[in-house]
Every structure is written in C-alpha cells, then in structure tokens.
Amino acid sequence: MSGLDTLTAPRGVLYGGDWNPEQWTPDVWREDVALMQAAGVNLVSVGIFSWATLEPEPGRFELAWLDEVLDLLHGAGVAVDLATPCASPPPWLAHRFPETCAVDAQGVRMSVGSRNHFCPGSQVYRDHVARVVQVLVDRYAEHPAVAMWHVGNEFGQTCWCDLCAQRLRTWLRDRYGDVDALNAAWATAFWSQRYSSFDEVVPPRTAPYLHNPAAELDFRRFTSDQLREVHREQVAIIRERSAAPVTTNFMNFFPGVDQHAWADDVDVVADDCYTDPADPASPARAALAHDLVRGVRRGEPWLLMEQAAGAVNWRAHNVPKSTRTMVLDSLRAVAHGADGVCYFQWRASTGGAERFHSAMVPHAGPDTDLHRAVRAQGALLQRLRPVAGTRVDARVALVFDWPAWWAGELLPARPSARLDVLGQLAAYHEPLWRAGVATDVVPPSADLDRYDVVVVPSLHAVDDASAANVATVPARGGVLLVGPFSGVADEHARVRRGRFPVPWTGVLGASGEDWRPLDDAGVTVASDRYGTFTATTWSEHVRTDGAEVLATYADGDLAGHPALLRRRDPGGGEAWYVTTVPPRDVLAAVLADALAAAGVAAPLVDLPEDVEAARRGDVLFLLNRSRSPRAVPLPAWAAGSTDLLTGDAVADELHLPAEGAAALLAPTEETP
Amino acid sequence: MSGLDTLTAPRGVLYGGDWNPEQWTPDVWREDVALMQAAGVNLVSVGIFSWATLEPEPGRFELAWLDEVLDLLHGAGVAVDLATPCASPPPWLAHRFPETCAVDAQGVRMSVGSRNHFCPGSQVYRDHVARVVQVLVDRYAEHPAVAMWHVGNEFGQTCWCDLCAQRLRTWLRDRYGDVDALNAAWATAFWSQRYSSFDEVVPPRTAPYLHNPAAELDFRRFTSDQLREVHREQVAIIRERSAAPVTTNFMNFFPGVDQHAWADDVDVVADDCYTDPADPASPARAALAHDLVRGVRRGEPWLLMEQAAGAVNWRAHNVPKSTRTMVLDSLRAVAHGADGVCYFQWRASTGGAERFHSAMVPHAGPDTDLHRAVRAQGALLQRLRPVAGTRVDARVALVFDWPAWWAGELLPARPSARLDVLGQLAAYHEPLWRAGVATDVVPPSADLDRYDVVVVPSLHAVDDASAANVATVPARGGVLLVGPFSGVADEHARVRRGRFPVPWTGVLGASGEDWRPLDDAGVTVASDRYGTFTATTWSEHVRTDGAEVLATYADGDLAGHPALLRRRDPGGGEAWYVTTVPPRDVLAAVLADALAAAGVAAPLVDLPEDVEAARRGDVLFLLNRSRSPRAVPLPAWAAGSTDLLTGDAVADELHLPAEGAAALLAPTEETP
Amino acid sequence: MSGLDTLTAPRGVLYGGDWNPEQWTPDVWREDVALMQAAGVNLVSVGIFSWATLEPEPGRFELAWLDEVLDLLHGAGVAVDLATPCASPPPWLAHRFPETCAVDAQGVRMSVGSRNHFCPGSQVYRDHVARVVQVLVDRYAEHPAVAMWHVGNEFGQTCWCDLCAQRLRTWLRDRYGDVDALNAAWATAFWSQRYSSFDEVVPPRTAPYLHNPAAELDFRRFTSDQLREVHREQVAIIRERSAAPVTTNFMNFFPGVDQHAWADDVDVVADDCYTDPADPASPARAALAHDLVRGVRRGEPWLLMEQAAGAVNWRAHNVPKSTRTMVLDSLRAVAHGADGVCYFQWRASTGGAERFHSAMVPHAGPDTDLHRAVRAQGALLQRLRPVAGTRVDARVALVFDWPAWWAGELLPARPSARLDVLGQLAAYHEPLWRAGVATDVVPPSADLDRYDVVVVPSLHAVDDASAANVATVPARGGVLLVGPFSGVADEHARVRRGRFPVPWTGVLGASGEDWRPLDDAGVTVASDRYGTFTATTWSEHVRTDGAEVLATYADGDLAGHPALLRRRDPGGGEAWYVTTVPPRDVLAAVLADALAAAGVAAPLVDLPEDVEAARRGDVLFLLNRSRSPRAVPLPAWAAGSTDLLTGDAVADELHLPAEGAAALLAPTEETP
C-alpha cells in the first residue's frame, strides 16, 4: 500500500503543480483557482519558498494570507501539499547569523540572493526551521485542504564549514568507534594521512592534489545523512499532529542524496524530472529515471512532483517541449508507476531567476495553446483513474546504488572517466525500455528473488553482504549479467585483492587481472553468436575459469582473451560477464539472450520504431513519439482492449496518431 | 558644438597617442618629441599611469619631471591630454590601506602587481585620488600645453566588498525610498528573498545557484553610477581651475559602464577600440563601435583615444595589422565621426605586462616599416582638416541600451544564451554598414524623430516611457523594425504580463504567447517575397492582429504561424516584426525593404565587395579592404570630386589601390 | 664520476621501485621481499610517505617496523634508498599549526587529506622536518641496507602565504640590494607599480588583470630557491652522519623547479617519467625528457626513479602500456644514460588516491602477466651490467633553460600562446631522435665547446653572458641554429631594444623589427633548397645583414622578406636562423643540413620507421616500437656485434622481433 492511497482513492490520478500565491495579489489567486478547477487540477504544492512571507521578521508570523489561500483551494476541491519552507531562509537569518550560510570547499561562504544557501549543520538554522514548521503544523494540521506535507525542496546542500566539520567528526565517531578503524577503512597509511584523533579530520576542502577517496566517499554519506537529519527533524514535528502523508521531492539521478537510505523516512516518493527536450535520448532517460524512482520504495506508486510544461530556463539553450510531448511525458510517468503528474509551476513568475521557466499558465495568460493543452491533459488524466494505485510488475532488475555510483564515477583518479556509471546504466536499460520490458532499478541489497533477470551494469563498490546477495541469482535459477569494472572495491572504495571481480569469480566462472582502458580506436571482438564488432572505451584481461567464452578480443594487447562469457549454473540459472563496452546492437542482442534464458518476454513484438510500450497492472500504454501516425499490431490477448484515453475499443491493430498515445485495458485478466 | 572644437580648430584632425615618459630617460624624451613632430603628432595623453612616479611616497610629490615633459611638448607644438592617475594607485596605498583594494564576488581581495585593483567605494582611495588630482590641477591648470584632461582610464571596476555593500545600500535607499518598493521591483517573493531592511542587502556574491536578476541588474547600475561618482569628483576639482575639456576613455561595447548615463559628465566622448585583425568581421565590428560612440552624445565628433598600430598582447594569439590596415582603421574612424585618431602607445615599453603591445615607435626604433607608416599617416590626416568638426548625418537609428543589454544578455537563466544582444545588434548593423548607410546607435529614450528608420534588433528590457517613445515611430511616418525577444521586460527585468511584446503589440499588429528556442536543425520559413530559408536559434509563437504576414514557419511546432510581419500604419509609416534569426541575406533584404519604405538610399550602388563607403558631412570616404585594386563607379553627384587624401580630382570612376582609400569632397553641395 | 657508482659497481643496472611497507602487514613484507629477489630487484625506495607512521603523534616516534623492514631487505640483498618524509606531513601538524599549510593565489589555505599541502616557508614545518630527519639519520645512517637518501618527493609546492611573502622580500633584498634596483629590473614605472619599500612587495596573488612579468618570473625563481633551501637543510643533516649519495626525484619538464640550479645539491640526478601510452609522440617525448635529465649534471648517468609498469591513474582516461612497451621504455632510459630503472610502485595499493596506479605486483597478485614481465625484465637488465657507468657521447646540444621557459611560455600576454617553448623544443629534438643522433639538452650557460652543433629552438629570455656564450659557436667552427622569438628579452623579461635578436644579429647576419603571428591559414614560404611549403603560427619581419637567404616568404604581409637564413662565419662555422614554424619534414631537412655542415653523422642510415637507435658508450641500442618484426641493416663497424640482451652475435643485419630490442656491443673500439 502506498502513501498516495489517501490522495488517489477519492481523486484518481493526481494533477497539479507548485503554486506560489505569495508572488501574486488576491485577485490573481481567485483567477488561478478557477483556472485550476477548469483544468481538473486536484493537487497543488504551496509554501515551498514562503518563509520570508510567512515570517517577515524573526518571530513575527503572518499567516492570514495562507489561511485565505488554503480556504480558497479547499473550497474549489483542490488538495494541498503544504510545504515546510526550509529550502530558502529569509535574508534576515543570514544577516543576523552568518554561520547559517553554507561554505564551499574553497572556504567561500554562500551569500543570500539566490536560494539553498543554508548550512544544514547550523543549529541556529535548524532551530529556526523547527520554529516555523511548528507554527505551520499548529495552524494547519487540521485544515481540511492539507492532504500531504512537502518537507523542504530538492535537498542537496553540501557544506564544508567548521560546524559541518564538527558534525562530520561526530558522524565518523559513530561509524567507526575509534580512530584506528577509520584509519584502516580510509587506508590512511597511503600518503601519510594517518589521523591520531578524530579532531584532526576535516571535510575534503581544497587540497593541492587528489583527495583520499574513502574520505570523499564518507563525506558524501555524511552529507546525505545530515540532510536526512534536517528532514527527519521536521517530519517528527509534523507527525506529532498530522496523519497526512509526508514527502519530499527527490531528483532521480541526483548524486547528493542516497534515496535508498531515505526511502522509509517518507510516505510518498516524489520526483522532479527535467529531461532535455533537445536531447533525442530524453524519453529513454526519463523512463530510466522513473524506473529508479519506482524502485526506491519497492515498486510503490510514486508522484511526479515537478516537470516542465514547456521549456526550462537553466540550460544554456532551452528548447521547449511541444504540447504533445508534454502529454507523452506525463503518460510515460503514469505508465512507469506514477499516480500523479505535477509541474513546476502553476503560473509563470514575472520576476526572479526562474521567470523564463515555463508554467501551466504562461505569462501570456490562459488564452494560449499551452494552457489549452494543460486543460485537455487534465481531462485525459481523469480517464486514467483505473490505473491509480496499481503496480508495475517487473521481472528484470537493474542494480544501482548511490555509494557505488559515488565510488565508481565521482571519486578522483579512476582508470577512465569515460566509463561512467550512469552511462553504463543507461546503455543496459535502453534496450529493455525499447522492448517494453518492465525494469526496476534497485540497490544490490534489495530482495532480488523477485526478479528473473538481474543486471549489474556497473557496480564499482559493493559490500560483502550485497555482493553475496547478487551472487545467489544463478543458483536459484535466475540470470545474472555483470558489466565491466564491477565488484572491484569494498564499501570504503578499497580495491579487493585478488583476481577480479573478487566476490563473483566463482559465480561467473571467470577472473581477471588487469583493467585496460582502450585508446580511441577501440578493439575488435569476434563472436560466433554476435559477429565481429568494435568495442570501445574499456577492456579487461580475464580468463575463463569454467565459463563458456562467447566472444574473444581479436586484436590489441588482449588478442585471444575472452571478452564475453557465460556460465551455466547447476542451479539452472546463468551468469553473464561483459568485460567491455559493446556497440548498442550487440548489447541489445546479449540482453535479449539473457531475457530469453530467463523466459522474460516483451509485451509486444514488432513494435514500430518510436513507439514505446509499457505495462502497468492491466493496462498497456503505447506512446508514439514520432511526428507521423503509427499502426501497432496487437497480440491476441490485447485485441479487444479498451483505450482508456478515448473509451474506444480497439481491434487487432492500434492506430496511434502522430505523437499520440493509448492506454489499453485488456478485456480479460488472461494476459501473459 | 563638440568639446573637441578648441582642439581641432587650430590643429585639424588630432593625431597622437599615450605617452609614458616616466618609463624613459630624458634623452629618450627628446628623441620622442622630435619624432612626434616629424610624424605630425599634435596630441598626446600623459600621466595615465604616473601616480607612483608623481607621488612616490604618501604626500611627497615629485613633479619636476612632468614640468619638463610638458614644457618639451609645448615647445614642440604638441598638445597634452593630461591624465588623472586614479586607475593605478601606488603599492604604498594598498600596503597601508588594504581596504582600498577591490574584492571579488568570492571574497578575494585584489592584490597589487597589476592595475585597476582599487575599490571605488573606498573613501580612503577617493581622498588620495582627490589629493593627487588637486596637486596636478594646481600645478598645470594654466600650463599652455594642457589642452584636455583625461580622467582615469577605462573605468570598469566592479567590487563586492563591504564598503561597496554599504554604498550599494545607500544607492538603493535613494532609488527605492523604502524596502517594500525594492521588494516589489526585485520580485523578492520569489525564492523567499524578501528583505525586511536595506541593511540585509549585499552585492551579488557567490551563491549556490542563480541570483535574483533584478538585484544583479541594479548592482550593474550601481557599479556604473559609483564609478561615475569617482569620475565626477575629479571633474569637479578640475573645473574649479580649468576650462579645458574633460574626457575619459570609454571602451565602446564594454558592459561595465552605461555610457549613455555618463555622456553629459564629459566634454568629449573618447573611445578605445581594439578589434581583432584576425577576425574577418573586424571592420564591421569597428564601424558598429564607432556608430555607438558617436551616438553617445547625439552625433558629436568624438576621439579615437586608443587603438593598436600593429598587434595587441592580451589575446591568446595576436595577429598584427598590416600598416595598410592601420591606415584603413584610422580613416574608418574619421569617416564615422572621429576628429582624432590616437594610439596606445607612442613608444613600446620594454617591461611590464604590455611589453608586447605594438606602438607607434616599436622596440626596433624609428627606422622600421611600422614607424614610417605612422609618419606617412600623420601627413595623410593633416589633409583631412576639412572634415574636422563636421557631423555624420544618419537617418537610421539602431536602438541599444546598456541596462537592456545587461538584462538581455548578462543575466542568468534566459531562454537561450545563443540569442545574444550584441550578436543581434551586429547582425542588423552589418547590412547597413555594407551598403554605406549611416546609422546611429542610440538609446530607446533618444530623440527618435531625427530618424526615418528605427531598428530595434534586441531590446529585452525597456521602461514604459522609452517603449512609448519607440512606439510612436510609424505614426509619424517612420519605419520601425523590431527583432525577436524585444520589449519583454520592464526596467527591473520583470517580464511584462500579457501577449508579447506587450508595449508594442498595437503598433506591430501582432502578438505572441511563447518564445521557442530552436534545436540545432533550425526551422524552415517560407515567404513569397524572401523565398524559403532556414532560420536558426529562435522562434516565437505569434499571431497577426492586423499585420500582414510576410513569412510563415513551414515546419516544426510552429508550422503555419507567422515568422515575419509588417503593419502599415495609418500615419504613413510601417512596423516590421522579425520573430526569428534569418540568414544574413534574408535579413539584408528585409532591411533594404525597410529602408526603401522610408526613402533612405545608400550613397552608392554597386559598391564592390570589400569596399566600404561612409559619408561624413560633405565627404564620402571609400575604403578598399581587399588586397587587390578596385574600381568604384561614382554617381553623378560625386563625379568631379576632389580626393582629399591625394588632392586629385576624380572623374566618374574611382580607382582605389589595394588596401587604399579615398576621401571625396563633392564639387557642390547638391548631393542627395 | 657519478654519484651512482657506489650503487652500480656491485650491482650493475639498478632495478626496483617505491615500496610502502606501512600499507601492509608483515606477512606481506616477507612475500614482497621474496618476490623482489625472484625479480632481480636490487633497489627500493622506502619511507617517502611514512611520516605519520614514523611519528604518529608529535614527538613520539615508532621506528621498530622500519628496523624490521630494513633488516629484511638487507638480508635479501636489496639496497635501500631511504626517504625523508617531508612531502606529506601528518594531519596532526596541520591541526596544531594551520600556518604549515600552503595558501594559493586566491588566499585559500590548503587542507589535509591529500599530500603536498605544506608551506615551504613555514619555520614550524621546517623545524618538524628537521626533527624527523634527524631521528632517521641517527637511527639508520649506519644501517648496511641504506645505500642512498631520497630527500622529499617531487618538490614543486608554490605558496602565496604571508610567511612566504616575508621570505620573498628577504630573497629580493638579497637579489637587488635596494628597492630602486628592483624597480628598474621589474620596470615598475609601467602601470604605476613603483615600490617605495621592499615591505610593499607581495607574491603575485589574484589581481584584476595581468601581473608584472618580471615579478612573476622572480616569484618562480624564489619558489624554486625556497624549495631548494628546504632540500638543502635536510641534506645538511644527512651529510653530518652519512656518506651515502643523496638524491631527490625531479620530474623532467616540470616548471616548478629549476633543476640546473639544483644540480649540485644532489649526488644523483633522478627523474620521474610518466609519458602517456595513448600518445603516439610518447617515445619521442620520453627520449627528450631523458636527454634533459642527462644534461642536468653534464652527462652523468642518472636514475629513472619512477615510471608506470602499466597505467597511471591521474589522467582522464588511462590507457596502459603493454608489457612489451614497459620493457622498451626501460631500455630507452638506459640507452639515454640511465643506470637504473625503477617504478612507482612495487605493490599496488588497495586504498588511497593512487589505488588504480599500476604496480610491479598488481592487485591480482604475482601470478599475472604483468608480474611475469616484471620478473623477466629484471633478468634482462642484469645483462646490461657493461653499460652501467658509461656515458652518452653527444655532439649536439639543444639549449633549454627554466627561467627562459618561464619567461617565454608561462608569463602572461605574449604575442602568441601557440608558439610554446616545449613545443618548439620537441619539434627540433624529434628529427634528431628519429635519426639516432645523441643530443644533450643543456642551459645556455653550459660549456658549449663540447658540442659541434648548438640548437636554440626557443630561448625567449637570456642574460648577456649566456647570450655571448651562445654567440661564440660559429667563430670556433661550430654550427649554431636559432629558432624564432629567441634572444628577445633579458633575464628580467625586459625586451631588449633594437633590431632583434639583439644579442645575435651580428652572428646571424640578420636582424628583425616585428614579430608577426600568423592567422590560421599560415604563410607560403619558397626556397630553392627546401621547396615551397606552408609555415604556420609565427613569422618575423627580418632583413639580411649579410646572411644568405635560404627561404623567403612568398605571400602575406612579409612577401619577399627572408624566412630562413644562414651565415657562414669566418671562423669556419655557420649560423642558421629560422624565423617561422616550418613543417616537420622541412625542419628535419634543415637540421640534417646543419648536422652535415658540422660533420655529425647518425649512427645508422636507413633506419626503419618505428625503430629507434641510441648509442651509449660502446653499445648501440635498437628498439622496435612496431607490432611487426623489423630487419635493420648494420654498418660495417657494427657487424659482428654481440647483443647483450641475448648474448647472441649478430651479422650484418639485425632481426628485431615485434616490440623487441637489441643492445649491440661492437666487436672493437674502432667505431665512428
């Protein structure tokens, strides 16, 4: 059961956006609420950046305007996701307490004039947060409009100040107990970094050369944990008085917060998703982000909290979505498990740094193509009520882990910056997405027994327990697929000694001795099954210890050595090992073979290029990204479905208009 | 009447450069002055960087050397533009008063060892400036050599220190009266930035994310105003004792100083112009810069204070001018209204950071091709005496405004960094320059009634009064041409609500609802008149509200919508609206049509490629940039002209040598 | 006699690497020492980063582990190069004395957590260094394992802090005596930089614009001298008690240390050489580096202290060497004068910032291809014992000088950043290396009488005495070849006045007046001898004053002016002057002509592409870089040689395997 149930049960799919009434006069409020009703909006987030309006001077609170706003919304049947305003403290706080502002690695203290300038380690900041949150909770916990709490906004601040240094030391004491344990974990014997006391530890501030990777890794852990503490302190105040679900807006593949660690601190997983419309990979990347978000709390429905209706403002060149793309993006989110699609923001600001960020009501007002599309989308989403609360049933897991990402991509001085964790993850996800195969992105400690295929594209660092968890897949009949430079290090980024990947040489039936980044020409690989192809970026010097060699390096320093191996496990499963970066079509073929071995089939075959398929519960979503109509032949089980978006029944072929979509509810439960 | 009249009346066109005798021994002074006389030099700027020589220790002044220098120059008939040395305070000032050094946005205090390290907000600095200026004025106000005062050098310092923060607050109090007015102007309701007191405002120092654009805009205004104050304090001291004109050297399209605001603080507008000889667009850019500088004080003759005789030293790769290009550059400046052409600097320094900047006397001495060309140029300029004091009669205005530039190009988070103000300005200026059509670059508040055609290539922000000023053009029979993303915001960079461009939808007969930056492929535009072409970078979703549609988007999201519109005004004028970035030839055709509609003709037709024409008063300058001779057919009115540069009469065809020039004085006043 | 004699006499060629036992447990120590013996390792560097292990708390020393380590090594016959650990002070030092940490030009104090964070100007740091060095010397001066001392590591710290500012002032007082001399040397009359007292001088910290070049140049000199002082203070302590040779590891073309100034402070010149295996120019660059290192102490044998066995970790993409390349790299070093080849490091670290730097024992252990190659290489090097102690006899000198490099490439605002000193040096070295002509890289003050050909590719700044030293070459019958932008400035980076190159116009028979960087198209040059070619980057406007013009600019501003000149000296020698950047083959032809004029012949003719030849003493090394076998025809004198690597005699043709090598000892001393 998801934390969204209390919201979706009476409303179906949620629809709305951030609304910032403090930027507008009451007459605009009334126009806005009327427009919301007309557009089918049923949820707005209020108050995210209202602290300076709520508390214009220290301790003096002005809440009457918010009373009026909440009453107005409630009167119009729009639920409120009420925010705590901790993301942007008022200038008076920084003016009175400069130590509430964060400091960067160079020692520069952040100034007011933007947002997110706070130091999460400052007790003064936290006390002021607690006070304003208490005031809000006291006043609005029982307000009937308040359906959810939105704690802060896009947590992600990193601070290197002395207050945070003090909290870091406490965190390290808790983690390691004594300083010798820290010295061992951080390998401080290297470069004479041994600490004689926790007091000597500082955050990884500007240094002349590369920082200790384990120290950087722990600083990232600490930073995520410290923000989590700021979050939890507010949740505790809320839960004293309110039973409404609590959420905060994550940012999918944002490195600052380990969402897997935060998952149980929220009731609803919410995400801000801003892919670039100018990037052709944008739909695939969005789908990957959605599969990540859905995996954060074991497949629960989630909420797309922010996206753009047109263009954003913060890229160098901001190509906008078309209104049709806007709808496809929303439907994709629902297809991948979202129970609501919201936007930043309802009405475009006239001032401030985001005045050119698109909104549901543009500067030109409601009599515009964009707003008409927003209204039409509201009607469309109402038709998807049967989908709300249902789950995506994924039989494939992609393994991803924040600390492993940090260790594998964000620490200094790795063998190659060209082999990046997210790039590998996307490369392995893309063929699955293209085939319409549902995939959960999950941490290596997840319950993997739910999955028939477990893909580990790039998991640089892994602790022993998680490594063992992954290793069990083939023995219980599943298919495990491991990509390059995985299983290399332990949880402190220490390289495991021995033939790699040390924890998995047994299950893979293969072992290696040398990682060999490739020069720009790449390397030729020959395979009976996959043909001869050029692999790039990376190679590994491995030998088979029992695995079948499916492809072999054909030139270069590793000529004659295995490039791709498969071991059939006595338990019935298989273990695949990809030691290089194959071209896209070869990787797709490898994944197809792995799926076939596990008996995982795509929902549709012969899907036209540019048409996406995604199953959620009993509904099959089909999204046509092309600017031409597409015909999709339907399998027997889907023929006779009803398209929820139109109410029409479809026969054995579906005709999708240009950039159009369908949501097919099959006639029976007898679907494969 | 121009402030240069007292200088040019006895001398004709001014010629000379910066001279830094403090770098040389007296024997070199005497050699230099003799060389100046031989070269026809009649003006040198002295003392710009002499502070540490004039006042080697606090309060101890050494002026005897300057007495000798001024006497020497006076004896040789060379006028002196005597500088106040505020640009580079001596090291002893920073050593004794560290607060006289500027601080950057990161909090780093500038060090001595370069120049321009001063904090313009430091009262200690200003007091020391006042003292040294007073000493100079007391000593030299009556010296017969002193013909002009040169206040400081290339004003442009920005400082984020606490002293400047204090002055910023005072400036804001003066501007806004109370803090609520500031909050409204800056839209501080966005991101919880509301100030409860002016005391809380700081300059836009390093922050975690985008700054408030209105705050940045005001900080730029304040910075320009604060520098202006430093300038005015010195002018006040000078004017107590001296009637000689006052100038300072601007840097054309330098963002740091709003020259339009400074214009009436100087008697002479002077410019430093350093276009890149390696850039083929350099001549067009120089002409644009000259048209800007001339427009600063309503078309008055101006002074080219600094240029390079060969190469500069501060680019990564400094291709030098040829000696012929050196002459063409000087003549271009005169043709565009300069009454004098000067150089940085007279004699090449052997040490210091600019030791590789070219000079009128190179390291190798006077027996060099470069210095021979300098001498020949002096003789040439003497022949242009009839031009001195005359004006360029421009019927076309290009609208440009520093605050609008800041708002449109230099603030963060705009729709596209690819649509830059200066790039658009250059794109609209270039066809006019190529046709030899005189064009003044003026602010939107200028008296536009002087112009038949008013072009607004890119005016992002505009106040109501200026917007109204621009809007009147068609009604009084003129032609107005508005480019994309213009009229968007008010003077606080706040987006105007409604269909854009809000102030001009009526006059343009068109209105828009969405700015749509284009992906790299651009968009096809179809036009009966201009053919089918690919536009790039930018499009706007507009509709006609009465204007004629001259071109239509033919593909992409805006297919079928207008791209180029023209409204004929009942008052006899026209209003054109360009919503995208057309290719160069299409834009040239549009501008030609707009000129034709206003009855503005080019001085010559069938001008050869690479030959520039420019009218000033009764003289038509023709500059051949190519490395081959060119023949230019002359119109009837010009046949029989005298070429001032040679004294020769020309018939109906002018023969220009390779990289040669002519300055034709027509036989009668009966020119078109 | 070289400082290495006491090491090589009993051992032959040295072989080993950095060993960091503090990272490992004693059982690993024992495994390591056994593996070293098996691999023929006879020298390891110990203790470089051991300070925090040796002195875990201030004043408390733990040396028992090092006793054991040294005993173990001694027992195994492995000599020890014992380090002073000053490169990386323990965290407790920074914690207690923050002023021991360096400060950058922006004022940011370096943090612990990396290495090299110390301030070399801090007396507290120096006192702590002295204490730990004294402890080590007292304990181990007589230990039989200790064969050499390794002072610090890769000296190169630059610090801008107040302590260093104080030391800088003292250094300047020593250099200039009074402040007026400094003002003259630094040309402070430019930009009003005159100092009234040494107290006003600060290091070149962040400033608004270009720094004074002479100040920057002296700051680089001071920085090198200050590090040298830190080095010398430790050497003094060592020499009180130990007669073992002292070394420190330089980094060939590293700008931070003027090795020529340091040369006599060490007994052994040691180098760290990390060329990029992915760069095809890597072998040529390595050879150039070796020729530099050998020239530091007048041709003495030197020690390759650090190189990589496979990949490094600090580039963005680290392509590893093959094991065959590893051997070729080592043999190249020996051929160019090294008496030992060592690695960083013996055993790969599991933690720390260099955990992905390759090592002689990789993470996967000794049963790997890499370690097997390490062992085989040890056996190979033993066969080269006859080479140890012999010298390379070079008849060609390439002139290079640290201060001239700083002045010519690293100071701001030069005519072109595209004409870089190292690029020019490499361009002139490469044809010599390709021909197998031995070349010493030496400073302009070197005894040039040892050389028949002296090449000055790019020597921007030169003092009068050195300029005169270079000028004497042709008069005594040698060949001098001067490249562009040479002899421009004096030792204070002040441009010499007059026709350039001022000190050499007489010897060159030519003089110039203008440096003219070329636009991207370059310029055509015509020559009877070298054909017509396109030169790039740079041209000079020169005239012949007696020299023969060998090539002439054929287009552009300098059409008709000389591009390449040669003057035959009455003394029998020649002086060549190259005023531009010719293509590689033209430059090779020019150099071949210059060599021929001096009677310098290559050891072999018709050398196959990809085969290097290098003579050292009586041994001719031949290295086949290609992945195919190569046949090399041998001259008469070499026929019948013995290949030291195999013990085989060779006839008149040598057959090299793919990526194979030979070291031919000629049968008689009668070699040319």
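Using the three backbone atoms N, Cα and C, a Cβ is placed for every residue, glycine included.
Because TrEMBL annotations are produced automatically, they should be read as predictions rather than curated entries.
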Among C:R115, C:R194, C:R347, which residue does TrEMBL annotate as binding substrate at the site that also has C:N153, C:W314?
C:R115
Cα-Cα, whole number of Å: C:C159 (Zn(2+) binding site) versus C:E306 (active site, nucleophile)?
25
According to DSSP, collapsed to three classes, what secondary structure does C:E306 (active site, nucleophile) have?
strand
Translate the DSSP assignment of C:C164 (Zn(2+) binding site) into the three-state scheme.
helix
Residues near C:R115 (substrate binding site) in space but at least six apart in sequence (CB under 8 A):
C:F49, C:A87, C:S88
Among all chains shown, work out which of the binding-site residues C:C159, C:C161, C:C164 has the most CB atoms within 10 A of its CB.
C:C159
Among all protein chains shown, how many Cβ atoms are found within 10 Å of the Cβ of C:W314 (substrate binding site), not counting that one?
15
Do me a favour and check the Cα-Cα span between C:W314 (substrate binding site) and C:E154 (active site, proton donor); whole Å is fine.
16
Are any of the binding-site residues C:R115, C:C161, C:W314 near chain A, where near means a Cβ under 8 Å from a Cβ there, and if so which?
C:R115, C:W314
If you draw a 10 Å sphere around the Cβ of C:E154 (active site, proton donor), how many other Cβ atoms fall inside it, taking every protein chain shown into account?
19
Please spell out the DSSP helix, strand and coil residue counts for the domain 'Beta-galactosidase C-terminal' (C:610-658).
0 helix, 23 strand, 26 coil
Using Cβ-Cβ distances, find the residues under 8 Å from C:E306 (active site, nucleophile) that belong to the same chain and are at least 6 apart in sequence, listing them in sequence order.
C:G17, C:D18, C:N249, C:D271, C:D272, C:C273, C:Y274, C:C342, C:Y343, C:F344
For the domain 'Glycoside hydrolase family 42 N-terminal' (C:18-382), report the average pLDDT of the model, please.
98
Distance check, please: Cα of C:E154 (active site, proton donor) against Cα of C:C161 (Zn(2+) binding site), rounded to an integer number of angstrom.
21
Reported as an integer number of Å, what is the Cα distance between C:C161 (Zn(2+) binding site) and C:N153 (substrate binding site)?
22
C:C164 (Zn(2+) binding site) versus C:N153 (substrate binding site) - Cα distance in angstrom:
20
